[in-house]
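Here is the structure we will look at, set down as structure tokens.
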Amino acid sequence: MFNRVQKEINQIINRGFDRTLRLAVTGLSRSGKTAFITSLINQLLSINQHSSQNLPLFEAARNGSILAVKRVSQQDLSVPRFDYESNLNDLSQNPPQWFQSTRGVSETRLAIRFQRQSGLLRHLKERGTLYLDIFDYPGEWLLDLPLLNLDFQQWSQEQIKVTTGVRAELAQNWLSMLQNLDLSAVANEDVLAKIAKSYTDYLHQCKAQGMQFIQPGRFVLPSDLEGAPALQFFPLIHLSGEHWQTLKKTAKSNSYFAVLTKRYNYYRNKIVKGFYENYFSTFDRQVILADCLTPLNHSQQAFLDMQMGLNQLFNNFHYGSRNFLHRLFSPQIDRLMFVATKADHITRDQIPNLVSLMRQIVQEGGRHVEFEGIDTEYTAIAAVRTTKQVIVNQQGKEIKAIQGVRSIDKQLITLYPGTVPSKLPKTEFWQKQPHFDFDSFEPQPLEQGESIPHLRMDAVLQFLLSDRFE
């Protein structure tokens, strides 16, 4: 008991004096969270060797405020350590490889030793140490957070809105099984498992079609819950409001309706809420990553799917200004950065368009954030740069292009991907074929001792960390 109280007191003191910064790196599946965290760690550790030469926009590195950076033991010993070394080893292979996708939660802690340049504490303590806690987790789990505000009926009705177009075609099998289910009958475990598997298969098919709004997220990446009854439910999108009310009044406790409701509530209250409280309710700063380019290359529905997923994230984080007392007793996010990833997949002149598009995508969900006095920033980056900018001569004209090793066939190619729309694409954009010539690229070879090549990670570090070294 005493140790727990002492630990909480130490956390409050450290938070109040800015000794600890908890960074939430959030984003939908395939947005590049693991690459972002790996590069962020690498850029900070590289300050020990390369000083500021690779991070010219990061003032604390440029002016010598940061004295040393090292990885240290994390506080929560029950969470796996982020496998930075393995990721770095993948980039050092010949040929280099991309990292394994995230399968569960992991954590890392960096100790950043620095010399204060300003502020009251420079008189009290010449040097300080900032502990930076960073978490990685599957993007699939992130989109379960909106369930915290929805009961089973509300969630089912939300799914009606998205089961259209391509999704409606993919859903035919599980919908036909659902239509034939008597929700008032006594529940059979085998029948529930069979329909839940059909619904899970549907979610996997949506993901394969480029959709990113996948709920429940654990259905496609269950981790240690695979096969558990907690993952064997599905939305009742065929019920009218009147039918819902009738079943709530008349369905017995052992009926399909009651069992499905109970499982949804368990999933929301135990699994999703536990995940949120353990990892998301106490963050100080947040980065929201979005791959805007892949949906542009895919379909209008994939793009709208991504936009809807991002806009649903904002309801589950506490934004607002942070003074000394706030930091002590009410942790909340005070700096928020929206980051468009894979900026190395387009030519340099298209990056302003990509940033503008990112603004457009999040505008509706993020508008209230700006009104609460929180610092917000929009940028485009490549956490791991895979291409180089080149000029090609075509029919006597010089054209900007990119060059890199294409993932699908490992061939070195040079191409102009096209124009990135600066605003939300209209119907005419999707009628063009192709909408956008977007390829995936392999990482560049990483030599021993070199820092990971990047695009604008120093701007990210400047926005997220600079005030802690003043």
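Each residue, glycine too, has its Cβ placed from N, Cα and C.
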Ranges in play 27-34, 363-370, with Swiss-Prot marking motif 'Walker A motif' at 27-34
Among Val69, Val72, Val79, Val384, which residue shares the GTP site with Ser29, Gly32, Lys33, Thr34, Ala35, Trp98, Ser101, Thr102, Arg103, Lys342, Asp344, His345 according to Swiss-Prot?
Val384
Using a Cβ-Cβ cut-off of under 8 Å, list the residues of the same chain that are 6+ residues beyond the ends of the motif 'Walker A motif' (27-34) and lie near it.
87, 99, 101-102, 136-140, 142-143, 207, 212, 214, 287-291, 294, 306, 309-310, 341-342, 383
Entries of Ser29, Lys33, Val384 which, being binding-site residues, have CA atoms within 10 angstroms of Thr102 (GDP binding site):
Ser29, Lys33
Going by Cα-Cα distance, pick out whichever of the binding-site residues Ser101, Arg103, Val384 is nearest to Thr34 (GDP binding site).
Ser101
Averaging the per-residue pLDDT over the motif 'Walker A motif' (27-34), what integer do you get?
85
Distance check, please: Cα of Val384 (GTP binding site) against Cα of Gly32 (GDP binding site), rounded to an integer number of angstrom.
9
